[in-house]
Amino acid sequence: MQPYTKNWTQVSEFVMMGFAGSREAHLLFFTLFLTIYLFTLVENLAIILVVGLDHRLRRPMYFFLTHLSCLEIWYTSVTVPKMLAGFICVDGGKNISYAGCLSQLFIFTFLGATECFLLAAMAYDRYVAICMPLHYGALVSWGTCIRLAAACWLVGFLTPIFPIYLMSQLTFCGPNVIDHFFCDAAPLLALSCSDVTWNETVDFLVSLAVLLDSSVVIVVSYGNIVWTLLHIRSAAERQKAFSTCAAHLMVVSLFYGTLFFMYVRTKVTSSINFNKVVSVFYSIVTPMINPLIYSLRNKEVKGALGRVFSLKFWKGQ
């Protein structure tokens, strides 16, 4: 929190510092992140296209996967284009209005919370498929899938409303340089000249609630899955059942590991630069890795990619 003085006026625009370095380093960063961003778009669009075109993948698991791919596209598009503009010094590339900053934070939090709930819904789908296969059609019907997906998006949308409202009531009257590459809550609170104790507490509790609620569903689902797998006598059947969960478990581990580190804290406990690196991982790198995990570890997806795009490489795996 910045100390308040009567000479300061309300900030109407912020400047995002991004990553420090020379112009050559910024051009390198620009090339790297642009490549990752384009790769992320192509991968996730390919998943959406393949699931939509291949009738063999019209099942609940892939229904949720298309929602996750749509979300990943929007998730990266909220932050990366603005960051890229800052690297190449486009006019106003590093500047963002007060309203634009709060809007970016709202959408980013909304999509992040929605991803947590979608991953929980996908874990429940795998739990029913493996632990209660005879009841799968009744428990995970298309109507149930649509309601689950709608609930994920709705609860995700509601998650940032109160924290952003509290953020909008703060006074920003001093330095306007955000030491980050997007408008995240912690660096914004550091610039406020109001008392941010209540904001920090609410942000912590909301983050904890989202992560704990969704992770409990995931842990309970996979706990039951492991228990069921241990009682399958056939090693081949056990391996086949586990293979359907392995990709999702890897995605969950990557995403939740970084989120728990970043957001379930009341104070900043490490360097700003290290926090930026962690933020890059969960907001930019993970959305690129997820489609690779789902495609490379899933024979059905690889087969569908081969059929849709006629790539012999995929057919031969």
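The count begins at 1 with the first shown residue.
Yeah, the Cβs are placed from backbone N, Cα and C, and that goes for glycine too.
These figures come from a predicted structure and were not determined experimentally.
What TrEMBL annotates here:
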- 27-53: transmembrane segment (TRANSMEM)
- 43-294: domain 'G-protein coupled receptors family 1 profile' (DOMAIN)
- 60-76: transmembrane segment (TRANSMEM)
- 96-124: transmembrane segment (TRANSMEM)
- 136-162: transmembrane segment (TRANSMEM)
- 204-230: transmembrane segment (TRANSMEM)
- 242-264: transmembrane segment (TRANSMEM)
- 276-296: transmembrane segment (TRANSMEM)
Inset, instruction - Could you pull the average pLDDT for the domain 'G-protein coupled receptors family 1 profile' (43-294)? - result: 86
Inset, instruction - Report, as numbers and ranges, which residues of the same chain sit near the transmembrane segment (204-230): CB under 8 Å and 6 or more residues beyond its ends. - result: 113, 116-117, 119-120, 123-124, 126-127, 130-131, 159-160, 162-163, 238, 241-242, 245, 249, 252, 256, 259-260, 263-266
